Amino acid sequence: MGLPTHTAQNGNGSVDTGNARLKELGYKQELKRDLSVFSNFAFSFSIISVLTGITTLYNTGLNFGGPVSLQYGWFIAGGFTMIVGLSMAEICSSYPTSGGLYYWSAKLAGPNWAPFASWITGWFNIVGQWAVTTSIDFSLAGLIQVIILLSTGGKNGGGYEASKYVVIAIHGGILLLHAALNSLPISVLSFFGQLAAAWNLVGVLVLMILIPLVATERASAKFVFTHFNTDNEDGINSKAYIFVLGLLMSQYTLTGYDASAHMTEETKNADMNGPKGIISAIGISVIFGWLYILGITFAVTNISSLLSDDNDAGGYAIAEIFYQAFKGRYGNGVGGIICLGVVAVAIFFCGMSSVTSNSRMVYAFSRDGAMPLSSLWHKVNNQEVPMNAVWLSAIISFCMALTYLGSEVAFQAMVSIATIGLYIAYALPIFFRVTLARKSFIPGPFNLGRYGVLVGWIAVLWVATISILFSLPVAYPITNETLNYTPVAVGGLLIITISSWILWARHWFKGPVTNVES
């Protein structure tokens, strides 16, 4: 099956290349194309949100390897994430549609495999995105609970500790706000996206300087760059094993940049600006993420104390660092609580942008008839917003979080799909690009030239590697409570996806469906 060539912009610049390419691919322009390259970048950057991922999982990095794992693990994960991003950007340039990954898989797998490739990629992508939103907003609910705890005296001062039902209620309220905001026109969301990007950039710079500056005790440079923590109390002694587990913080943080692809139908000249959004979001996140890790780690002087459930923050390491830094210098931790508020706002923006990306994926997937009640989720209102897709994404994310009420283990299994499930969806179209479409792939204006296949294979192998590593046990001896349920969750999703294909979808789903005349 031949792939169409790209329409170039005409001499007077009146033709938007992304719009022209979308028509070539067989789709009407139904969403408002109003985003600049910076706005596209801002959505991905605010979903990656280093303030969100690092703050949420700093405990994991401290526990498994400490400063060495935090510093060097970040650059390892960042380097390979950039390689994955470069491969995705090259494909995005050729196929700038809201469907993103699943559309790419369909086109790259060839006509015989297109429906199945599209089906499995699409469902891993969409469920992974819902899990990301669940995880982001749940982490915000948890941080709000810690802020309330510290504001009322801390754990050692009789502070209020919210029950899991209160945390779920907060989580539901956050999702409600995110759905409401995402019901607004894309021009408003673009403003919030740019504000979110600025908030993350300025927030990192302020916190990385302020926290170690305020702290009365600071770590030495030798500790920050060379100390390896093996005291994890999880029965794991191998340094290599510990370091690998510490990578989880970095790799979890560096996800969600597929948002730039899902926003391409609303981005001007998307065949160039979509790829730019992906690459710049990853690159700037790696730099600013390291600065944040560096600044905070200089305020770490006692790892075991920070990880203890008996500290004022209830074991939330970064909250304890902020709180104690100000309490040690000024006699109270109010300044630390305000700093946590800065992080909370960043997480709020992160969740908002995640729902935006979710809804565009739902819109595109249902446009091609892949979801139950597709005609309902594909509708856009008079402001060109896929309102139904927005609210569906919020409701499903809330339902996924309800597993926390039954079992924390089940909830962790659910959100594990956010990292591994999403990266599998990233890797599938890249795999098809370097195998089935190796000779037939027609690159867009952004391409890797002769290095495209090599970079693609490295990306695929990295995803395969982390999928295995993050399925390893994280504590010994292995019990029902310590078992890593990631392979169960991801394997379950794979079984459901393939079974639904064999028993049901293969009879009617034909992959992406054009909605314009040839």
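Cβ atoms are placed via backbone N, Cα and C, with glycine included.
Just so you know, TrEMBL annotations never went through curation; they're auto-generated.
Marked as transmembrane segment by TrEMBL: 37-58 (among others).
Positions annotated as transmembrane segment by TrEMBL: 70-89 (among others).
Residues or ranges marked as transmembrane segment by TrEMBL: 101-124 (among others). Within the chain, the transmembrane segment (101-124) has long-range Cβ neighbours (under 8 A, six or more residues past its boundaries) at 1, 3, 25, 88, 91-92, 95, 258, 261, 364-365, 368, 370, 421-422, 424-426, 428-429, 432-433, 436-437, 440-441, 493-494, 497-498, 501, 505-506, 509-512.
Per TrEMBL, transmembrane segment is recorded for 130-153 (among others). For the transmembrane segment (130-153), the residues of the chain that approach it from at least six positions outside its boundaries are 47, 52, 55-56, 159-162, 166-168, 170-171, 174-175, 178, 255-256, 312-314, 316, 319, 323, 333, 336-337, 340-341, 343-344, 347-348, 350-351, 354-355, 358, 393-394, 396-398, 400-401, 404, 411, 414-418, 421-422, judged by C-beta separation under 8 angstroms.
Counting same-chain residues at least six beyond the ends of the transmembrane segment (165-184), those with a Cβ under 8 angstroms from any Cβ of the stretch are 133, 137-138, 140-142, 144-145, 192, 348, 351-352, 354-356, 359, 383, 385, 387, 390-391, 393-394, 397-398, 401-402, 404-405. Here TrEMBL flags 165-184 (among others) as transmembrane segment.
Summarising the annotation, TrEMBL assigns transmembrane segment to 196-215 (among others). Residues 38, 41-42, 45-46, 49-51, 284, 288-289, 291-292, 294-296, 298-299, 321-322, 324-326, 328-329, 335, 339, 342-343, 345-346, 349-350, 352-353 of the same chain lie 6 or more positions beyond the ends of the transmembrane segment (196-215) yet place their CB under 8 Å from a CB of it.
Sequence annotations record features per position, and here TrEMBL assigns transmembrane segment to 278-300 (among others).
Among residues of the same chain six or more beyond the transmembrane segment (330-351), those with a C-beta under 8 A of the stretch's C-beta atoms are 46-47, 49, 51-52, 55-56, 133, 136-137, 139-140, 143-144, 146-147, 150-151, 154, 174-175, 177-178, 192-193, 195-196, 199-200, 203, 206-207, 210-211, 214, 312, 318-319, 321-324. Taken from TrEMBL, the feature transmembrane segment applies to 330-351 (among others).
Residues annotated as transmembrane segment in TrEMBL: 385-405 (among others).
Residues 84, 87-88, 91, 101-102, 104-105, 108-109, 113, 117, 120-121, 124-125, 127-129, 131-132, 134-135, 138, 248, 251-252, 255-256, 258, 400-401, 403-404, 456, 459-460, 463-464, 466-467, 470-471, 485-486, 488-490, 493 of the same chain, all 6+ positions outside the transmembrane segment (411-432), place their C-beta atoms under 8 angstroms from a C-beta of that stretch. According to TrEMBL, the feature transmembrane segment maps to 411-432 (among others).
Long-range neighbours of the transmembrane segment (453-476) within the same chain, counting only residues 6 or more positions beyond its ends whose Cβ lies under 8 Å from a Cβ of the stretch, are 80, 83-84, 86-87, 234-236, 241, 244-245, 247-248, 251, 416, 419-420, 423-424, 426-427, 430-431, 433-434, 438, 482-484, 486-487, 490. Annotation source TrEMBL lists transmembrane segment at 453-476 (among others).
Here TrEMBL flags 482-504 (among others) as transmembrane segment.
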> Taking contact to mean three or more C-beta pairs under 8 angstroms, with sequence separation of 6 or more, is the transmembrane segment (278-300) in contact with the transmembrane segment (482-504)?
Replying inline: no
>> Which sequence-distant residues neighbour the transmembrane segment (385-405)? Criterion: at least 6 residues beyond either end, Cβ under 8 Å.
In response: 31, 129-131, 133-134, 137-138, 164-165, 167-168, 171-172, 175-176, 178-179, 182-186, 355, 358-360, 362-363, 366, 376-379, 411, 414-415
> Short question: which residues 6 or more past the ends of the transmembrane segment (482-504) have a Cβ under 8 Å from it?
Replying inline: 116, 119-120, 123-124, 127, 234, 409-410, 412-414, 416-417, 420-421, 424, 467, 470-476
